[in-house]
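J.: Got a structure for you, questions after.
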Amino acid sequence: YKLSIAPEMDIMEYCRKEWRGNTPVAKTMRKGYEAVAQKFASIRRVRGDNYCALRATLFQALSQATQLPNWLQSEEFTMLPESLLSKYDWIKQWQLKEKLGRKMGEITEEIKEYLILLRKKWKNISEIKGPIEKQEACDKLFKNEDEEYSLYEALKFLMLNTAIELYNDDKNGRRVPVFSWLLFARDTSSNPCQLMHNHLNHIGHSGGLEQVEMFLLAYALQYTIQVYRLYKHSTDEFITLYPNDPEEDWPVVTLITEDDRHYNIPVGMCQETML
């Protein structure tokens, strides 16, 4: 097996290894890592394929899960593929794990299986009390390629569902978050069908998540994703929140990026020392 999330490594040690030179970029990165090291002790490298934003976010969410989110508990949750496909014929073109040409019924059943797997794994891991055992369960899950990639398909489908909801809300004159306008202002995704064809179908295959899709992921999971964007150190965007006006009751996961394309995860929050 390939390990999707590497073991912990001291953050500053990692930084020294990766950024040795004296170029302006190296200096910025070192300052960025120093700032992260004020809060976190270690870093875990995330495998760098086009799923890395989904992988890093889901790993962090599961690592700290103590309960099943409300949206995962609802009866309608596993009926999503059926209800969406009955309304939107174009979802038949959903690309599942690089396999094309499935019939509509097969797609429905397969996505339903992925959603059930997501609920099951989330429930099991959130019920583990000990932090070490919880971490071991997460590590084990992210070594199982088949299950891991099935979970990403579930996340992508939830992103599509959220996009459809936002698009319809906007059309019906309801208030939507600003990122939703940006999402559908792109030439390549002026509606959910285009978003699926030109973006979601490619995630994990030929492309990762763009910035505006990080917002969509956050909304789909009802999590705030906090990202240390190291190359933006000493600017207002160094710590970016998706969404930038998060709901108060949404849990927060933290990621690190050097370039907005690849994401790693900081672990081991430093205990504030008492003077």
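Just so you know, glycine gets a Cβ as well, placed from its N, Cα and C.
Feature annotation from TrEMBL assigns active site to ASP49, HIS262. Look at TrEMBL and you will find CYS52 tagged as active site, nucleophile. Here TrEMBL flags GLU237 as site 'Linear diubiquitin binding'.
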J.: Do you know offhand how many angstrom separate HIS262 (active site) and ASP49 (active site) by C-alpha?
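T.: The Cα atom of HIS262 (active site) is 8 Å away from the Cα atom of ASP49 (active site).
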J.: Could you measure between ASP49 (active site) and GLU237 (site 'Linear diubiquitin binding') for me? Cα positions, answer in whole angstrom.
T.: 25
J.: A 10 Å Cβ contact count, applied to the recorded positions ASP49, CYS52, GLU237: which residue has the minimum?
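T.: Comparing Cβ neighbour counts within 10 Å for the recorded positions ASP49, CYS52, GLU237 gives GLU237.
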J.: Could you round the CA separation between GLU237 (site 'Linear diubiquitin binding') and CYS52 (active site, nucleophile) to a whole angstrom and send it over?
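T.: One finds 21 Å between the Cα atoms of these residues.
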J.: For HIS262 (active site), list the number of other Cβ atoms lying within 10 Å of its Cβ atom.
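T.: Result for HIS262 (active site): 18 neighbouring Cβ atoms inside 10 Å.
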